[in-house]
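This report refers to the structure that appears directly beneath it.
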Amino acid sequence: MNVKLVSYTRDGEKVVAIASKMSRSRKGWDYHEKTMTDEEIEVWIRDAILHGYWSVLEHSIYTFSIEGISRVASHQLVRHRVASYTQMSHRFAKPIDEYYKPITPPSIEKRAKEIIEKAYQEAYENYFKLLQDGVPEEDARYVLPNGVNTNIVVTMNARELYNFFALRLCSRAQWEIRAIAWKMLEEVKKVHPRLFRYVGPNCIIHENFIRNEPITLDEVLQKDNIEFISQRCIEGVMRDGILKCIRNSKHVLEYLK
């Protein structure tokens, strides 16, 4: 799996901060662009996110190239509908030779690797038999497994990314889409750390709505003295188990090593 941020709004943090401030100011864009300091950028981003004023996040756009994932994962991705997608077509880009690398889930890798490898190989052979019999590519691909590898270009704004991360960083998310989410988060934090400082699974998002001082995902991952106020997360995990649950979620990246 390879996840790469290929394009983004360069001044996204400042754009979001100015938009947030302009909603409460009589002055226009030019004034705020000239006068806004780095400290103000952080203040206005924090204010918007922690008060649920997420519409301003929509002004910053991010495009990712996500390669070497299964069709199972890509079908989950496109359920996030406030986004744009362009996926590799198995009609025009036939999955042959080195381009046929179906994804094997870790649970099967440990228990039934031979079974899935045999099924993948049989599907591959049947695909070619259909092509040789004159079946069109768009119909022959019906025998390909859900695990067949694919590439996809994904564009989301920062608000949709917050919603995406809230769902897909959660340990209850399926392992592959969860790994994609963690890798996407790594990419956006490289370029806009202030904008994505308060991102996290839903347990962190909802926790910060009721705290006087917000917590960050980095703090939860690195510090053992973090205590949650919420009695339980929206997935039903009790307060004492939330910290461990979040940390377990990121362990999915170890499958990819």
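Using the three backbone atoms N, Cα and C, a Cβ is placed for every residue, glycine included.
Here Swiss-Prot flags 1-202 as domain 'ThyX'.
The FAD binding site annotation in Swiss-Prot covers SER55, ARG79, HIS80, ARG81, GLN87, ASN157, ALA158, ARG159, ASN163, and the record cites sequence analysis as its basis. Of all the Cβ atoms in the protein chains shown, 28 others lie within 10 Å of the Cβ of ALA158 (FAD binding site).
According to Swiss-Prot, the feature dUMP binding site maps to GLN76, LEU77, VAL78, ARG79, GLN87, MET88, SER89, HIS90, ARG91, ARG141, ARG168, an assignment based on sequence analysis. DSSP classifies ARG91 (dUMP binding site) as coil under the three-state reduction. The Cβ of ARG91 (dUMP binding site) has 12 neighbouring Cβ atoms from other residues within 10 Å, across all protein chains displayed.
Per Swiss-Prot, the feature motif 'ThyX motif' maps to 79-89. Tertiary neighbourhood of the motif 'ThyX motif' (79-89): same-chain residues 150-157, 159-160, 163-164, selected by CB-CB distance under 8 Å and a gap of 6+ residues from either end.
The DSSP secondary structure for ARG168 (dUMP binding site) is helix. Counting every protein chain shown, the Cβ of ARG168 (dUMP binding site) has 23 other Cβ atoms within 10 Å. Feature annotation from Swiss-Prot assigns active site, involved in ionization of N3 of dUMP, leading to its activation to ARG168; the stated evidence is sequence analysis.
Rounded to a whole number, the C-alpha distance linking SER55 (FAD binding site) with GLN76 (dUMP binding site) is 24 angstrom. In the shown protein chains, 16 other C-beta atoms lie within 10 A of the C-beta of GLN87 (FAD binding site). Between the C-alpha atoms of ALA158 (FAD binding site) and SER89 (dUMP binding site), the distance comes to 27 Å.
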